[in-house]
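Colleague: A single structure is presented below for examination.
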Amino acid sequence: MTRYQEYPSNENGEGLRIGVVVARFNQDICDGLLSGAINELHQLGVSAQDITVCSVPGALEIPLVLQSLADEETSPYDALIALGAVVRGETYHFEVVSNDSCRAVMEVQLATGVPIANGILTTENDDQALVRMHDKGADCARCAVEMARLHAAIRSGEKPQPARG
């Protein structure tokens with residue numbers, strides 16, 4: 001007996017259009033995030049011509065460009081990815097940038113209806129960020145593809161399937 005219905009996970013990126021916004025601040029870390037994301041998108045079947053990358057100065061600039069890419073009337077993107085690195089320093093600036101950039105990314109996602117995988121790392125030091133950058137970039141790619149497929153299935157009226165288990 002089926003206990004519930006579910007939409008199965010779908011990480012097939014073929015035919016999806018993905019936009020990536022990456023910060024340049026903490027360049028080495030952000031380059032690692034981007035490399036991990038792009039490599040994983042290709043592994044999932046997203047073609048190079050369906051990936052657009054926009055570079056911005058820092059994490060606080062990411063949400064505005066995401067909003068431009070996710071414009072309801074003109075957006076060609078099935079999902080977006082936000083990549084950045086905020087490393088704690090000696091001032092309160094870390095909290096401001098971390099909290100405001102992450103909150104704004106969520107607001108763009110909810111306001112536009114375009115799924116956004118948030119890969120803005122917030123770490124205590126560079127070592128933590130360097131350890132996480134490739135995995136987090138790849139995680140965001142998988143998240144973007146899965147959420148694009150799930151969002152499309154729900155919006156198209158596709159019915160969930162009986163759970164397997």
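Cβ coordinates are placed from backbone N, Cα and C, and glycine is handled just like the others.
TrEMBL lists these features:
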ACT_SITE  His93  active site, proton donor
BINDING   Phe25, Ala59, Leu60, Glu61, Ala85, Val86, Val87, Asn118  5-amino-6-(D-ribitylamino)uracil binding site
BINDING   Glu90, Thr91, Arg132  (2S)-2-hydroxy-3-oxobutyl phosphate binding site
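I'd like to know what surrounds each of these features in this structure.
Modeller: For His93 (active site, proton donor), the count of additional Cβ atoms within 10 Å of its Cβ stands at 11 [all protein chains shown]. Secondary structure at His93 (active site, proton donor), as computed by DSSP, is helix.
For Phe25 (5-amino-6-(D-ribitylamino)uracil binding site), the Cβ neighbour count at a 10 Å cut-off comes to 17, with all displayed protein chains included.
Of all Cβ atoms in the protein chains displayed, 6 besides its own lie within 10 Å of the Cβ of Glu90 ((2S)-2-hydroxy-3-oxobutyl phosphate binding site).
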Colleague: Rank aside, I only need the closest one: which of the recorded positions Thr91, His93, Arg132 has its C-alpha nearest to that of Ala85 (5-amino-6-(D-ribitylamino)uracil binding site)?
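Modeller: In terms of Cα distance, Ala85 (5-amino-6-(D-ribitylamino)uracil binding site) lies closest to Arg132.
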Colleague: Quick check: in three-state DSSP terms, what is Ala59 (5-amino-6-(D-ribitylamino)uracil binding site)?
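Modeller: The residue in question, Ala59 (5-amino-6-(D-ribitylamino)uracil binding site), is helix (DSSP, three-state).
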Colleague: Where does Arg132 ((2S)-2-hydroxy-3-oxobutyl phosphate binding site) sit in the DSSP three-state scheme?
Modeller: helix
